Every structure is written in C-alpha cells, then in structure tokens.
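Trainee: According to TrEMBL, the feature domain 'Cadherin' maps to 80-138, 139-247, 248-352, 353-456, 457-596.
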Amino acid sequence: MAENAVEAGGERFLKKRQVLFLFVFLGGSLAGSQSRRYSVAEEKERGFLIASLAKDLGLSAGELAARGAQIVSKGNKQHFQLNHQTGDLLLLETLDREELCGPTEPCVLHFQILLQNPLLFITNELQVIDINDHSPVFSENEMQLKILENTPPGTIIPLENAEDLDVGKNSLQNYTITPNSHFHVLTRSRRDKRKYPELVLDKVLDREEQPELTLTLTALDGGTPPRSGTVQIHILVLDINDNAPEFTQSLYEVQILENSPLNSVIVTVSASDLDTGNFGTLSYAFFHASEEIRKTFQLNSITGDIQLTKCLNFEAINTYEVDVEAKDGGGLSGKSTVIVQVVDVNDNPPELSLSSITSPIPENSPETVVAIFSVSDLDSGDNGRMICSIENDLPFVLKPSVENFYTLVLEGALDRESRAQYNITITVTDMGTPRLKTQHNITVLVSDVNDNAPAFTQASYTLRVRENNSPALHIGTVSATDTDAGANAQVTYSLLPPADPHVPLASLVSINADNGHLFALRSLDYEALRAFEFRVGACGRGGAARAGRCSVPEGPFPGHLVDVSGTGTLSHSYQYQVCVTEDHRTGEFKFLKPIFPNLLVQDTEREIKESSNCRNSFVFS
C-alpha cells in the first residue's frame with residue numbers, strides 16, 4: 001500500500017511548481033501583528049535600549065525566548081540584537097545615519113521579528129534620527145572671481161556651495177557674507193534641495209578706485225547651536241569684456257547604462273562668446289561639483305566632452321546633477337546643468353538567505369514546514385522581480401509568506417523505505433535580460449517509523465530430525481527481515497502458543513530469540529510422538545508506540561494474536577515441518593551438550609540434512 005501511495009503521489013507532483021513573488025508588501029497567512037516604527041538618534045553606543053520588544057508584542061521575556069524569537073534584517077548586516085532574558089531590543093553597533101542613508105530622509109531601517117510555534121512574522125522599522133555632528137564644508141579654502149567694472153547693480157554671480165552631511169534642520173540652511181559694502185548674498189535651493197549661494201552686486205565697482213576686494217562667505221546649518229564653515233572670496237575687478245559665454249542649452253539631459261565602459265563620452269556641452277581674441281576663447285570646467293562627481297566624470301576643458309571615469313552602479317546612485325561652467329579669457333562665465341540618468345541593467349543575481357531548516361523528518365509526518373528562507377535582488381523593475389521554484393517531482397511545495405519570505409512545505413506523507421533522502425534545489429531567477437539565477441541546495445533526511453512488519457525469507461521450512469537425538473541439538477535456523485531501520489528493524493524470534501494445548505511445546509523445541517536457531521530440547525521418540533504443530537513469530541524491537549500484541553497475518557495456516565511482552569511490535573508467522581526418523585546412524589549430525597530453553601548455542605556450523613527414511617512429519621513454528 002505504501003508503494004501505491006508513492007506512485008499516486010508521484011503523479012500529483014508532475015506539474016512544475018513555480019511561485020512568482022513581486023517585491024511589494026504583501027500580507028500572508030503567516031503575517032503577524034501590526035508593524036511598529038521605533039526611533040533612535042544616531043551615534044548611540046552599542047547596547048542602547050531601543051524598545052521593550054516583549055512588552056510591545058504582549059509577551060513575557062520567557063515566552064519570547066520559548067518561541068525562538070529572531071531579528072532578521074535585510075541584507076547580511078545586523079544592526080540589532082534581542083536580549084532573550086529581558087525581551088529588550090538593543091543596538092548591536094553604533095549607527096551612523098550618514099553612512100547608512102546618505103542624504104535620504106527619513107533614514108529607515110527595515111527588519112522583521114520571526115517567531116516560532118506558531119510561525120509568525122512581524123515587520124518593523126527603525127528610524128535613525130539625525131544629530132548635528134557635521135559642519136558645512138567648502139571644497140576649497142578660497143574662491144577667485146573676476147567681475148567687470150561696468151557690471152550693473154543687481155547682477156547675480158553664482159558661488160561655490162558648501163556641503164553638510166546632516167539632513168533636515170541640521171543641514172545647511174543659509175549663507176552670509178562680510179563685509180557687504182558692495183554685495184549681499186542670496187541663498188538658493190537646487191532641485192535636489194541642496195542650498196547654494198549667489199552673490200548680488202549692490203553697488204557699481206570702480207577698478208581704478210578698488211581693483212580687488214576680499215569677502216568672507218559663511219555657510220550656517222540649522223542645528224542648536226549652529227555649525228558653520230567659511231571660505232575667502234577674492235574679487236578681481238576687470239576692464240570691460242562685454243560678452244559672457246552662453247551655452248547652446250541651459251539644461252542637458254542624458255541617459256547612460258550602468259555597465260557603460262570607462263572613458264565613454266556621455267555628452268558634449270557647447271558654449272559660444274561674441275567677443276573676439278582672448279575674450280572669446282572659452283574653457284570648460286565643473287562648477288562646485290561634489291567629490292563623487294569629480295571621481296565619476298571628467299570634462300575636457302577644450303572640447304566640452306564629459307567622459308566616464310568610474311564604473312556606475314544604479315543601486316548606489318541613479319541620478320547625477322552636474323553643473324558646467326564655460327569661462328572666456330576675460331574671466332566671464334556662463335553656466336549650464338547636465339542631468340545624468342543611470343539606467344539599470346541586470347547585473348545583480350538574486351540572493352537567498354536561509355533562516356531555518358527541519359531535518360530529519362519522520363516518514364509519516366503530515367504537512368510540515370521544512371525550511372524558511374528569504375530572497376532579494378538589488379536590481380529594480382523587471383531586473384529585480386523574481387521567480388522561486390523547486391524540482392517538479394518532489395513531495396514538497398514552495399509557499400510565499402510575508403514580504404520576500406518563503407516556506408518549503410512537505411506535501412503528503414513520505415516513505416523512508418522508498419526514499420530516505422531528498423536533495424532539494426531551490427532556484428531563484430529574476431525577470432531581467434539576461435536572466436540571472438541563484439541556486440541553493442537543501443538536504444532533507446527521512447527518519448524511520450515502525451510501519452513494516454518482519455517478513456520471513458521462506459514461506460515454510462522442512463526440518464528432518466532423527467529420533468533419539470541428543471538434547472539441545474541445533475535442528476535448523478529460520479530467518480526474517482524488516483525493511484525498517486535501526487531498532488525498528490531488529491527482529492526477535494519466539495514460539496507462538498500451540499493449537500493443541502496438550503502438546504508440551506516448551507519441553508520439545510526452543511528458539512533463540514536473537515538469531516532464529518531452533519533446538520530440540522530433549523530426545524524425540526518416534527513411537528511416542530509422530531507429529532505435532534507451533535508457529536514462529538518474528539517481531540522488530542523498536543515499536544513502543546504500537547499496541548502490545550503482534551499480528552500474524554501471513555502463512556499457509558490460520559494466524560493468531562500473540563503477546564510479545566508489551567513491546568508493541570509487528571510480526572509475521574510461518575509454519576515449519578520436522579520429521580522424526582527411525583535411523584540411529586551417527587556422524588550425520590553434530591550433537592551439542594544439553595542446554596536450557598532459549599540458551600544460545602555457540603557452535604551451529606552444520607545444517608540438518610534431509611533423510612529419505614522420514615515416514616511421518618509434524619509441523620511447528
């Protein structure tokens with residue numbers, strides 16, 4: 001029946017199992033309580049108390065530990081730890097908001113709480129609060145400006161901006177300038193919310209009166225107290241150069257694949273100047289570009305070609321805003337902006353993180369969760385969408401859980417005697433072009449249960465013994481096997497009660513419980529006893545979970561129920577024939593010294609030989 005069940009189960013698993021899991025927040029059957037958002041200021045020391053997790057979950061610390069609570073974070077780096085004695089969620093390391101999130105605000109770290117018995121996922125968030133631990137910084141200590149003496153009041157001169165790694169109110173807020181007899185400064189915001197200064201001319205300059213000016217530009221953030229950074233501005237007043245360079249486009253927008261080769265020209269900017277000679281000769285340069293932009297791109301000062309000098313990574317930075325300045329020989333300049341959009345390519349294979357695995361599994365287990373794992377892909381769009389699958393000829397199925405978690409579930413009972421081990425390959429494939437995949441192998445062992453009865457190697461045995469034999473004579477051996485394993489496969493032999501209660505079975509024959517050796521306990525007299533009948537029962541020894549009797553369903557004679565001292569094992573019985581002969585010849589059998597019933601006989605080298613002088617027979621088992 002077990003083999004038929006396996007065959008029927010095999011037909012049910014012919015279809016290939018595939019589960020498509022989109023990276024969206026899904027509510028699954030294993031989803032848990034409503035998610036919470038905790039918060040902690042950056043730079044807190046290791047061990048800082050974030051929250052009483054046990055209290056928030058309505059559990060005691062002991063219940064939290066008993067349910068095997070785990071903190072699972074996205075990626076391989078863990079920022080938190082769970083104190084199972086107190087149920088508190090603690091910092092595992094000092095958090096640097098700028099390192100974790102850069103300019104992104106709010107800075108939120110996602111993590112899950114995994115509970116067992118029953119299985120439960122709870123999605124949570126930790127917001128890292130910025131502190132004012134960075135001052136505004138200019139990339140250079142000095143700026144040099146050249147301004148025509150006939151520049152009209154109200155003219156705006158762009159200045160290099162400072163950078164502040166903090167965010168929100170702690171970021172750079174405004175600029176001031178001193179002294180301000182000829183100028184004032186405006187604070188402007190770019191599209192990426194960075195603030196930059198513009199110098200506004202309030203009073204006409206006179207080169208003959210004052211050919212040079214020195215100003216101090218101060219950048220202030222909004223912290224309490226505020227932090228600041230300064231730069232010196234040296235202004236050289238020029239004679240008239242009445243035309244400034246102008247770009248053909250005020251805004252350039254380009255797209256570039258993230259796997260573009262180094263030294264690729266991504267765009268060429270172009271400007272012109274109506275002046276002649278040195279005043280009409282232009283040179284190009286980046287204008288208050290960040291260190292990242294200067295590492296990633298190179299601008300040819302003569303041609304205006306912008307080349308790629310660093311490999312792009314869409315997952316790290318997907319947009320660059322680059323300001324380009326064209327300056328003529330007289331010091332006048334024009335400005336244009338280049339927006340570089342990085343296009344994602346499928347360059348990250350899916351990742352699989354195994355959270356737990358159950359092995360071995362008893363062969364009669366019902367539907368069981370074998371493994372819990374999560375998948376992720378750093379790419380975006382179709383490049384980050386994944387298909388998760390296993391082989392289609394296995395009694396297991398993948399089920400999606402909360403967010404990007406899956407469970408590998410046993411679907412139907414197993415039969416260890418048919419297959420004791422399963423090697424399961426989990427394949428995670430993304431939907432990008434070309435498709436990338438990751439495979440993870442899981443080995444599941446099937447443990448034995450006592451579900452098979454012993455079977456004798458022969459349906460019947462014919463043993464011939466001459467009368468007047470020596471007591472304790474080894475007259476033959478029976479053998480049975482059990483397809484179970486371990487203690488469930490160890491066979492014990494015993495004589496079952498005779499059908500005729502007047503036959504003194506216990507004084508005639510004995511069997512060794514361990515090896516099935518049969519012994520004649522006394523000398524047999526053909527004239528006194530020509531035939532008698534017993535059955536031999538074989539019981540595997542490890543079935544303590546079953547009833548205290550063994551069924552005897554097979555054999556050519558009617559079966560019986562026989563007690564086996566409460567071990568609760570399975571048995572089969574068969575019948576055996578013994579002939580008692582009249583011939584008293586010696587040398588044909590090895591006679592042993594007398595022994596008591598069930599005593600193990602050490603020397604069993606010679607087998608009982610058949611005799612043509614057997615006239616009558618009797619059956620025992």
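Glycine is treated like the rest: Cβ placed from N, Cα and C.
Please treat TrEMBL annotations as automatic predictions, because they have not gone through curation.
Quantities reported herein were computed from a predicted structural model and do not represent experimental measurements.
Map the listed features onto the structure and describe their local environment.
Mentor: Counting residue by residue with DSSP, the domain 'Cadherin' (80-138) contains 5 helix, 28 strand, 26 coil.
Sorting the domain 'Cadherin' (139-247) by DSSP state (H, G, I as helix; E, B as strand; all else coil) yields 3 helix, 55 strand, 51 coil.
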Trainee: By DSSP, what is the split of the domain 'Cadherin' (248-352) into helix, strand and coil residues?
Mentor: 10 helix, 48 strand, 47 coil
